[in-house]
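Colleague: Quick one: structure below, then a few questions.
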Amino acid sequence: MQEQEISFIFKYNEGLCMNIDSDSILMSILDMSLHQQMGSDRDLQSSTSSVSLPSVKKAPKQRRISIGSLFRRKKDSKRKSRELNGGVDGIASIESIHSEMCADKNSIFSTNTSSDNGLTSISKQIGDFIECPLCLLRHSKDRFPDIMTCHHRSCVDCLRQYLRIEISESRVNISCPECTERFNPHDIRLILSDDVLMEKYEEFMLRRWLVADPDCRWCPAPDCGYAVIAFGCASCPKLTCGREGCGTEFCYHCKQIWHPNQTCDAARQERAQSLRLRTIRSSSISYSQESGAAADDIKPCPRCAAYIIKMNDGSCNHMTCAVCGCEFCWLCMKEISDLHYLSPSGCTFWGKKPWSRKKKILWQLGTLVGAPVGIALIAGIAIPAMIIGIPVYVGRKIHNRYEGKDVSKHKRNLAIAGGVTLSVIVSPVVAAVTVGIGVPIMLAYVYGVVPISLCRSGGCGVSAGNGKGVRIEFDDENDINVGGTNAAIDTTSVAEARHNPSIGEGSVGGLTGSLSASGSHMDRIGTIRDNLSETASTMALAGASITGSLSGSAMVNCFNRLEVQADVQKERCSLSGESGTVSLGTVSDNASTKAMAGSILNSYIPLDREGNSMEVQVDIESKPFKFRHNSGSSSVDDSGATRGHTGGASSGLPEGKSSATKWSKEATGGKKSKSGKLRKKGNMKINETREDMDAQLLEQQSTNSSEFEAPSLSDSMPSVADSHSSHFSEFSCSDLESMRTSCSHGSSDCHARFTAVNTLPEVENDRLENSPHQCSSALLSKAASCSDVPQPSHAADEHGTSRSGGKPMVDLCFGDALRETNNNHSHQTADLKVAVQTEI
């Protein structure tokens, strides 16, 4: 019976636990207490008390018959009543336990329902929060403003920060962060709640709209955002700002300050020059590679002129202006289309600089030559590909269409076969039409559009050569130093040189002499140098006349163009200068010294020509305005003849020093030189008078060693024609009649009017180390040939009076020879005063 009780209790507890699964832990505790209580009841009650247990369940009473009950005797009534009373007590105790357990069950159910209500309330509260797609935080629904144009939602803090960034960077076409729909201005105002930002937003919107208007002109005055919409003002371009207190007058065409009696191009060049000059002075006259690179990082928009910053790292060059939406190329700064980088314009989609002119020309020539081959290859591949590919494509499409449908196999195969057969018939026609139309279009593009567009934009480099025919320029415009990035520029004389920007129209006075022209410098500024013997005269011209003038052209090389051409013509000795007057002022002592040294150095270069002479032409394109120095100078007119006397000293020169100018020969295009006969005579007389000249040199040295100082140069250089025609006459020795020299050894006051400037020691050492014997022999031969025909000459001094001398004139080469042969003497030899004989 005890086993039955335990089994019943476990069954009861098991049923209770099945009803209360959520509180299994609590029910296990109740089971333990129930087992303890039932154990105590069994100890107190009889063994028959457990018979009444089925009555608790209200089940029908059942009798069990066993073998023991048949042989056992019946119980008396007293004992039976006592047993019944004990059974009633057991039933009452079990009912009390059941009631307690039911009460505990109800309490547990009540706690479960309360917890479920709490969870549902919490879940309802969690359901009211939305995650922001920008900051990934959960906010309440009231933190997500509604947008008129799209259904996307973001928190108000993220949207406000997003709008602030967009407006501060002038991006007024603000779209949704998650799609391309633009915000409504009303939504922007509600989200921002900032009057200052909204005012800036409206200003940017208005400016964006006005920029699109072709007749809108903005006032160029600083801190004036007034715009004038001028219709039909092209004929009367003077506009006036209508803002109160401004009244600035500006031009309709160039959109800059009004420039009366001046074209827009001239005014633009003048503004650019003044801007560069201010930049040079403000930056302590220093142009470095970093400053040039920084200037390349900031460029204005070609439509609205809004400045845009881009790192010059070779990234994408297809730019879009944030203010006006203009699409332009960062390299050429022009509005472009999608085909800009596919055409041979020189601009690349990635890169730091466009193609050079040489590369563009080579690409153009390669395209013109290789276009037929390429087009033939494309047509040869396209025709069989279309004939074979079209039927295959049609068959696959029909098969995929009928696949998966309830169509008979025979019907599907019939449709595929019919489609393929039809495509086989049609594909040759399609291929022929495509090739027949595409090939002429490609040929027309290659041979028509590309060359015309390149030549129209100046990219092909073909131009007229000033009556010399068509010329193809292969010099690279990109190699010209912009901003001082490639050239070695001395920073001590840039500002002074800016006052003399034009070589062709003005003078080169006031130059400081710290800049010189070498072969590498001439290559950098685009000088055309010949590989033959014309190089000597080109270098002589560069050394003598262009020395010191690169300080002006190096800073404005974007607008100035220097071309030196050397042409050889038969039986003509002339020097034509189309560049007007070239003069060197009194400030440039060093420049004059270097120029003269360059002329002396280049004079020893032999030329193997018989009866040929050089014509050097200098073409200089510069600005239309000019400055002239006050110092006296020698000049060359357009016809190549000199118009003034040389040797005029400046008023600010110190007295007491002597100098001599170089002798020269006048060369005109209308006279023919008798170089053959005279040269033979001169060569015959050289050998006869060599010993006499040695004696004269020794006598001249002893006479002048204690009287004169070192050979010197005048402060005002001779003209280009005077100096270089002397070189050509020295080379050929053709026209002896035109060489007229004089010698004046008078009083010392004659020499006191000139300033002595020592020549460069580098030139002397170079001559002595390399070829001392050849130089001395050449000088002696020149002296013999020149002094063999003594003629009275006239010298023009600084007062305009002429002086004559009976002694033969000793050239500057005699002074050089004296210096070379007498290096060990304590005093240097002096150079005689040499005047320039000119005809007016």
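Each Cβ is built from the backbone N, Cα and C atoms, and glycine gets one as well.
So Swiss-Prot lists the following for this protein:
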{"type": "REGION", "residues": "40-61", "note": "region 'Disordered'"}
{"type": "REGION", "residues": "128-351", "note": "region 'TRIAD supradomain'"}
{"type": "ZN_FING", "residues": "132-179", "note": "zinc finger"}
{"type": "BINDING", "residues": "Cys150, His152, Cys176, Cys179", "note": "Zn(2+) 2 binding site"}
{"type": "ZN_FING", "residues": "199-264", "note": "zinc finger"}
{"type": "ZN_FING", "residues": "301-332", "note": "zinc finger"}
{"type": "ACT_SITE", "residues": "Cys316", "note": "active site"}
{"type": "BINDING", "residues": "Cys329, Cys332, His340, Cys347", "note": "Zn(2+) 6 binding site"}
{"type": "REGION", "residues": "625-685", "note": "region 'Disordered'"}
{"type": "REGION", "residues": "660-840", "note": "region 'Interaction with CASR'"}
{"type": "REGION", "residues": "700-721", "note": "region 'Disordered'"}
{"type": "REGION", "residues": "786-808", "note": "region 'Disordered'"}
Colleague: Which one of these recorded positions, Cys176, Cys316, has the sparsest Cβ neighbourhood, judged by other Cβ atoms within 10 angstroms?
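Modeller: Sparsest of the recorded positions Cys176, Cys316 by Cβ contacts within 10 Å: Cys316.
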Colleague: Tally the residues of the zinc finger (301-332) by DSSP class, grouping H, G and I as helix, E and B as strand, and everything else as coil.
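Modeller: Helix, strand, coil within the zinc finger (301-332): 0 helix, 10 strand, 22 coil.
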Colleague: Using DSSP, how many residues of the zinc finger (199-264) fall into helix, strand and coil, respectively?
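Modeller: Within the zinc finger (199-264) the tally stands at 14 helix, 13 strand, 39 coil.
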Colleague: Taking only the residues in the region 'Interaction with CASR' (660-840), give me the average pLDDT of this model.
Modeller: 45
Colleague: Can you figure out which of Cys316, Cys329, Cys332, His340, Cys347 (the recorded positions) comes closest in space to Cys176 (Zn(2+) 2 binding site), comparing Cα atoms?
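Modeller: Closest candidate to Cys176 (Zn(2+) 2 binding site), judged by Cα separation, is Cys316.
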Colleague: In whole Å, how far is Cys150 (Zn(2+) 2 binding site) from Cys347 (Zn(2+) 6 binding site) when you measure between their Cα atoms?
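Modeller: Their Cα atoms are separated by 40 Å.
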Colleague: Looking only at the zinc finger (132-179), what are its DSSP counts of helix, strand and coil residues?
Modeller: 16 helix, 4 strand, 28 coil
Colleague: Non-local Cβ contacts of Cys329 (Zn(2+) 6 binding site) (under 8 Å, 6 or more apart, same chain)?
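Modeller: Non-local contacts for Cys329 (Zn(2+) 6 binding site): Asn317, His318, Met319, Ile336, His340, Tyr341, Cys347.
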Colleague: If you count Cβ atoms within 10 Å of each one, which of the binding-site residues His152, His340 comes out on top?
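Modeller: The residue with the densest Cβ neighbourhood is His340.
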